Ligand code: SF4
């Protein structure tokens, strides 16, 4: 036995993960029913065994906001819902570079350029496509950051171009299980999302794809989403928790999940995806109290989205460093050797997240 939590189901699963076995849906469902304490220990053991003991921070810029033709029921940027957010066209390469420099200073290792729509289309909007490429080149030239993109549905040609430009991760969340997806989105399908992820992967990009918890899904849906991601093959798994935005269909029901269930899901995701970064992203500040935010990190999470989200503000990057430290972990500095004390000092000087990134951001990095 490599590690013991004194829970037979959890210890059996741990032993198999450490032996290189991939856990399946039956394992995931059985694990999610186990006590949070054993799962958290197991998630942390897997993170420590397969990872480098660091927490990787990424940051995003909402490069084009609102007026999206899609109808994702959680999203403030859909034209179908009256959410009153600020809408704007593509920010332009210089403003994106400005946001990247702030993210770099605040400890981000990767920087995601996010555009709110079904897909940035090279054929239909060639000027916008050219600007996206220019922004990628500028950030890659001038910052010590991995550059990621979240531009919606991709053609093979577009994916090949992005891979050539050096995009590291392509983000396209699956949101939930295949069977629950139609309860959340009507204008495109789960399969559309999987196809884009496959296209991005075939072009050579790593994948960042995850979920939103608390949208009314069952525990089995949570497991099924993670199993679908196993089949796709991802290296970063963002775990958002619903931040109900007034005007969206999901706002009426509110986030339907407890802290304990968030922590258990994070731990089980780490067991199902031992070699991927399980990343805490949108909605964590809204759904977890300040003194609870380190708990998912103690249960195996090893990534954070820091700064603002797409249309809502996040907390100060200095607070995020403290959460990492409270969990007994260190920030990753592979791409950007920043000064954690300076980041914390800027927060103590009263600088807010809104002043440190150009994102106007809500919930999940998501297109
Ligand atoms: S999640 Fe993305 S595709 Fe869906 S409505 Fe929002 S911006 Fe559009």
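Cβ coordinates are placed from backbone N, Cα and C, and glycine is handled just like the others.
Annotations in TrEMBL come from automatic prediction, not curation.
What TrEMBL says about this protein:
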| type | residues | note |
| --- | --- | --- |
| BINDING | 68, 72, 75 | [4Fe-4S] cluster binding site |
| BINDING | 208, 279 | [2Fe-2S] cluster binding site |
| COMPBIAS | 341-350 | compositional bias 'Basic and acidic residues' |
| COMPBIAS | 351-367 | compositional bias 'Low complexity' |
| DOMAIN | 50-284 | domain 'Radical SAM core' |
| REGION | 328-367 | region 'Disordered' |
Residue 72 ([4Fe-4S] cluster binding site) in three-state DSSP notation: coil
Alpha-carbon distance [residue 279 ([2Fe-2S] cluster binding site); residue 68 ([4Fe-4S] cluster binding site)] in Å: 25
Distance-selected binding-site residues near ligand 1 (C-beta under 6 Å), from 68, 72, 279: 68, 72
Packing count at residue 75 ([4Fe-4S] cluster binding site) (other Cβ atoms within 10 Å of its Cβ): 30
Long-range Cβ environment of residue 208 ([2Fe-2S] cluster binding site), under 8 Å and at least 6 residues apart: 112, 148, 169, 170, 171, 172, 234, 235, 236, 237, 238, 279
Listed binding-site residues (68, 72), ranked by Cβ neighbours within 10 Å, top entry: 72
Arithmetic mean of per-residue pLDDT over the domain 'Radical SAM core' (50-284): 93
